[in-house]
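Positions annotated as coiled coil by Swiss-Prot: 270-327. As annotated by Swiss-Prot, compositional bias 'Basic residues' applies to 484-501. Residues or ranges marked as domain 'BRCT' in Swiss-Prot (evidence: sequence analysis): 318-411. For 477-515, the entry in Swiss-Prot reads region 'Disordered'.
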Amino acid sequence: MGKLKKKGERGAATNYVSRNQALKKLQLSLPDFRRLCILKGIYPVEPKNKKKVNKGSTANKTYYYVKDIQWLAHEPVLNKFREFKVFLRKLKKAIAKEQPGTADRLEDNKPVYTLDHIVKERYPTFIDALRDLDDALSMLFLFSIMPQTDKIQAAVVQDCRRLSVEFQHYIISSRSLRKVFFSIKGIYFQAEIQGQTITWITPYQFCQDPPTDVDFRVMLTFVDFYKTMMGFINFKLYNNLNMHYPPVLADKTDKKLDTNYCKDTEVEDEVLAALNHTLKIIQTQEEDLEVDEFPIDPNSEDAEAIQAQKEEETKLERLKNLFSECKVFLSREVPRETLVFMIRSFGGQVSWDVSTAIGATFAETDESITHQIVDRPSQGHQFLSRYYIQPQWVADSINQGKLLPVEEYFPGEELPPHLSPFVKEEEGDYVPPERKAIMDQEMDTNQNEVTEEEEVPDMTREEKELAVAAMPRKDRRLYEKIMHSKKKKRSEVRKLESKRKVHDEEKAKKKLKSS
């Protein structure tokens, strides 16, 4: 007769381990354990039956998979954490004994770990890294404008700033930007890189006051990993475009004016951060390959799909060169870096006043300027050869894929609603009048391309009632729930439409009074 197994020695209980047990096994402190889990991508799990895992107890505990903890035990970074612990103990002892020579020697030999192998381990292919790029970009752009504090070092801010500027230069060079949206939280951007849609948010350029209730140690661990990951991604992206990495300016001409605003050693970095100069491309002897075009057989099965793909490519090429014929000047009060990034990503030329920032390419007095972006109701001196518009015109033009009329965006005018390009209305949802107008225009342009389909006759009320009565009880309950949710959605839509109607009436009354 075999030995009886005790409770908790088999089944689900052996698949999980509590956090305290994991700390004892790895011989780590809680902050080091958290840092290691973040770097390796290990997250807590919720067992299906806590009683079985916790030997009948229902106390709240954090659990991990046993396999994950065993995997962490073989991580090379774990040894570096232990070496760093020994280093701190020796350094503290040398300082207490007033041995500056020993302390300096220990500082020079401080243990440092690299995360290259972890990045390659978590992202076996480049596409895997691109799919996980959204959070990395949002975090790096956030820390790129953070002030230096006792928790945030200046070197971290500089690295985040450098990596974010390099990524923006790639987007400009490859014309990969697709959508922009100004929100209360920040500015949302969406780009398409190698078939992957990447969305990130950048904060507005204001002075940031870091909150005290945020654990910056956890956030800085994420930043540490994202910096290494972003370095690999930027190198690969630049290599695909045959550009130097780190980026090098294509035209290193006279910059005497630039040295008036920064040190000589910082000029090139500041000009790169201005996003207004092209980067140097590695010259290759390979000739540009031209894609052969073959006539489309109208009788083939894929004729419609091929034609639709061609039209989509033409539309995308037109979007990439949206501002190619625009020469834009930015006033002091507008968000310069954001607008430069947006306009140059679609082929436009941008500049600003020389005293505002480094990197200006032409002056305000240039007669070839087509648009000047302002954000104040009145201007001291106006040129008749250009349009004065508000910044929202740039974002709305990008989202609609065409240069919009400028009359609604003149200084002092009440701007049209800034609609989010990320919202996709489903059947029965509330659609604002402005969105309806855009959708109607798109339907008019595509009217000739839509093929006529056979109309399916609607069921009468009696036929619907008979069909519902013939349903099984389970299907009928599901049908009633669906109809109830649709009815609730319709009532909410009616409320929003009535609110919008009242708003439009009040707006019309104000216009009449002002006139």
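Even glycines carry a Cβ here, placed using N, Cα and C.
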Spatial neighbours of the compositional bias 'Basic residues' (484-501) far in sequence, C-beta under 8 Å, 6+ residues away: 428-430, 432-433
Within the region 'Disordered' (477-515), residues counted as helix, strand or coil by DSSP: 38 helix, 0 strand, 1 coil
Mean of pLDDT values spanning the domain 'BRCT' (318-411): 91
